[in-house]
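Listed in TrEMBL:
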TRANSMEM  32-52  transmembrane segment
DOMAIN    34-439  domain 'Major facilitator superfamily (MFS) profile'
TRANSMEM  72-92  transmembrane segment
TRANSMEM  99-116  transmembrane segment
TRANSMEM  122-143  transmembrane segment
TRANSMEM  164-183  transmembrane segment
TRANSMEM  195-219  transmembrane segment
TRANSMEM  255-274  transmembrane segment
TRANSMEM  294-314  transmembrane segment
TRANSMEM  326-342  transmembrane segment
TRANSMEM  348-366  transmembrane segment
TRANSMEM  387-403  transmembrane segment
TRANSMEM  415-434  transmembrane segment
REGION    450-473  region 'Disordered'
COMPBIAS  462-473  compositional bias 'Polar residues'
Amino acid sequence: GMVQLEPPGAPGLAAAAATAATAEVRLSRRRWAVVLLFSSYSLCNAFQWIQYGSINNVFVRFYGVTTFAIDWLSMSYMLTYIPLLFPVAWLLDKRGLRFIALAGSALNALGAWVKLGSLKPYFFPVTVLGQVICSLAQVFILGMPSRIASVWFGSREVSTACSVAVFGNQLGIAVGFLVPPVLVPNVEDVEKLAYHISIMFFMTAGVATALFILVVIVFKEKPPHPPSRAQALIQSRPTEEYSYKQSILRLLRNANFLLLTVTYGMNTGCFYSLSTLLNRMVIHHYPGEEVNAGRIGLTIILSGMLGALISGIWLDRTKTYKQTTLVVYMMSLVGMIAYTFTLSLGHLWVVFVTAGVLGFFMTGYLPLGFEFAAELTYPESEGTSSGLLNVSAQIFGIAFTISQGQIMECFGTKAGNLFLCSFLFLGTIMTAFIKADLRRQQANLDNAQTVIQSGERPEGPRSSSAPTSCSGR
């Protein structure tokens, strides 16, 4: 069993296995505070991503710019992420979780305060600057859920923890759909409009600043003891044996991971495009329904959060990564088809139902991709594997948003949504070819077997549920 612990090209794992097998595995009570705090500042950052798109028509009139210019405020998040992934992933491996958390929450607060300088119609460049700073913060946030889950949580709760970490981002998008149409009504008076926008910007800046202060106080690098045997194995490896460049090369030679990267990018890119253009689609078929457009977006996200939670619990219980991912991907396609053909029927309640079904599977897919990648690429850094997934998502997101927007202008909303359906169909086919090479699960099993053979108590219910196993931190 010890030989299986070392995937091709991963140095030092066999030598570290003996140390990992005897390491004390305990859970820290602080783990839930850490993941909930991360989820909170991720929420704030995601809110700032969609706050312009959810009332696209209002900001177009206030700043006197085109709808495409407002779309780019959302797409800036996607564009910024692509070139900065590798530097930030390198920083994550060299400086650790706490440094990345401080940087992400600080940039998020700074961007929110900069936007307060854009409360005049001719200050559009200032709001662009604030949004770009927030997009920089997103690079320090988006790839963190699976890393936090692995470092802080036991093997029987790691997928659930990853889902909770992803929750924040999704809930932020939900709030971004719901709150801006309520706080910023579509009034004619520019001064009144600026006043309403200032309320939204001030509230965001205050929350972002409070969360940064909490990160300084609460967020720690890692728990005192490893939470799982797989994590103990990684921590016992000498740091000088780790090469970031070699890690990237190993990931790029992993055929199953590359397939997942492309399929994840297609699914999440469709979600980004749908979120950015949702206001335009709903207003086109239901004029004057800005508030309901936001509520439809809220429905997509809330149902997706439920889907993500159920998926995370299911994975922790069954470890059926490949099967669950394939089923959820297939149902995302079904949901997108249903949404496409009901949007123009003239019944808003039908759109709410089909949008909820679509969100349950499409948004619920996001933590599945992170966790499946962590399994396929163990013992490589979860921050790097998640980062590569997100780069793929940003590339497809930009391409899909621009393409769908142009198709909608020329051929209507149905043609634009069918464009997304075609890529979801392709992604479903490709997902079926991914082999379930669950390396992290195998590492936990092998280490547990080693502990049993040495006469020690293995990681099990004691490390995931018994109060006596938790750290007092």
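Each Cβ is built from the backbone N, Cα and C atoms, and glycine gets one as well.
Summarised as a single figure, the pLDDT of the domain 'Major facilitator superfamily (MFS) profile' (34-439) averages 86. If you look at the transmembrane segment (164-183) against the transmembrane segment (32-52), you find at least three C-beta pairs under 8 angstroms, all six or more positions apart, and that counts as contact.
At the 8 Å Cβ cutoff, the transmembrane segment (99-116) and the transmembrane segment (195-219) share at least 3 close pairs (sequence separation 6 or more) and count as touching. Taking Cβ pairs closer than 8 Å, the transmembrane segment (32-52) reaches residues 59, 70, 73-74, 77, 101, 104-105, 108, 111-112, 115, 131, 134-135, 137-138, 141, 144-145, 148-149, 152-153, 161, 164-165, 167-173, 175-177, 179-180, 200, 204, 207-208, 211-212, 214-215, 218-220, 275-276, 297 in its own chain, all 6 or more past its ends. Beyond its flanks by at least six residues, the transmembrane segment (72-92) meets 49-50, 52-53, 59, 99-100, 103, 127-128, 131-132, 134-136, 138-140, 142-143, 147, 244, 248, 272, 275-276, 381, 383-384, 387-388, 390-391, 393-395, 397-398, 401-402 of its own chain at Cβ-Cβ distances under 8 Å. Residues 71, 74-75, 77-79, 81-82, 85-86, 88-89, 142-143, 251, 257, 260-262, 264-266, 268-273, 276-277, 369-370, 373, 419-420, 423 of the same chain lie 6+ residues outside the transmembrane segment (387-403) yet bring a C-beta within less than 8 angstroms of a C-beta in it. Here the listed stretches are 122-143, 195-219, 255-274, 415-434, and the one with the most C-beta pairs under 8 angstroms to the transmembrane segment (348-366) is 255-274. Using a Cβ-Cβ cut-off under 8 Å and counting only residues 6 or more beyond its ends in the same chain, the transmembrane segment (415-434) has close neighbours at 256, 259-260, 262-263, 266-267, 269-270, 273-274, 277, 281, 322, 325-326, 329-330, 332-333, 336-337, 339-340, 343, 372, 376, 396, 400, 403-405, 407-408.
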